[in-house]
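The structure appears below as structure tokens.
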Amino acid sequence: FASAGPETLCGAELVDALQFVCGDRGFYFNKPTGYGSSSRRAPQTGIVDECCFRSCDLRRLEMYCAPLKPAKAARSVRAQR
């Protein structure tokens, strides 16, 4: 998969690809709000629109990964539980 060019990914294949690309960070099916200037003009598109109905590459998949959380924040959350 990693060496493949743009292809369509749907359902479980799409989820597997996102898990592969994003790892422990997790991912979103819709881009976070305020993403890019085009989001104001066009209706919000999700990963299914971009990668299942059309083809997408690894760089496009990475746009849906959740941001990395700082290690300190992760530790303090665990300490509170």
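Note: Cβ is positioned from N, Cα and C throughout, glycine not excepted.
These features come from Swiss-Prot:
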DISULFID  Cys10-Cys52  disulfide bond
DISULFID  Cys22-Cys65  disulfide bond
DISULFID  Cys51-Cys56  disulfide bond
REGION    5-33  region 'B'
REGION    34-45  region 'C'
REGION    46-66  region 'A'
REGION    67-74  region 'D'
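According to its DSSP assignment, Cys65 (disulfide bond) is in a strand. Take the Cα of Cys10 (disulfide bond) and measure to each of the disulfide-bonded residues Cys22, Cys51, Cys56, Cys65: the nearest one is Cys51.
Restricting the average to the region 'A' (46-66) gives a pLDDT of 92.
Least crowded of the disulfide-bonded residues (Cys10, Cys22, Cys51, Cys52, Cys56), judged by neighbouring Cβ atoms within 10 Å of its own Cβ: Cys10.
The Cβ of Cys65 (disulfide bond) lies under 8 Å from the Cβ of Leu18, Val21, Cys22, Arg25, Gly26, Phe27, Tyr28, each of which sits 6+ residues away along the same chain.
Annotation note: Cys10 (disulfide bond) sits in a coil segment as assigned by DSSP.
DSSP labels the residues of the region 'B' (5-33) in these numbers: 15 helix, 3 strand, 11 coil.
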